[in-house]
């Protein structure tokens, strides 16, 4: 619970990418990104290690890898341009770096939506990082 409170406080002042990512997750899944994905498995939330535990956790692994490939801007803070057209997220703007951040977030939000049935809160919500010791696979 303390972790959620800290994250909520941190997000209050955020107007950049993490806030936008939360909106995209909500739009695609109907779920709160902070409440559903901030402390799930080995990769959802801050940092990540080991092997993804299920398809939902793999969405976070792929998202982390995607952010790792972004250069020239800050994936967690920079604001990007997007719209939602007929239920689809469309990344816009002319800045290629910010567009890449948007595409990372878009892909993750869609992945969460497509894998809602794999979400296992009883097993993987607040999953102890000490159980994420397997060797990580490459991005």
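FYI, residue positions are counted from 1 along the chain as it appears here.
Note: Cβ is positioned from N, Cα and C throughout, glycine not excepted.
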Check Swiss-Prot for me: it has 43, 45, 47 binding Ca(2+), so pick out which one of 54, 64 it puts in that same site.
64
List the other residues in this chain whose Cβ sits within 8 Å of the Cβ centroid of the Ca(2+) site residues 43, 45, 47, 64, in sequence order.
42, 44, 46, 48, 49, 60, 61
Can you grab the distance from residue 139 (disulfide bond) over to residue 97 (disulfide bond)? Cα atoms, rounded to a whole Å.
19
Which one is it, among the recorded positions 43, 45, 47, 63, 64, that lies nearest to residue 104 (disulfide bond) by Cα separation?
63
In sequence order, what residues of the same chain, 6+ apart, have a Cβ less than 8 Å from the Cβ of residue 43 (Ca(2+) binding site)?
52, 57, 58, 60, 61, 63, 64
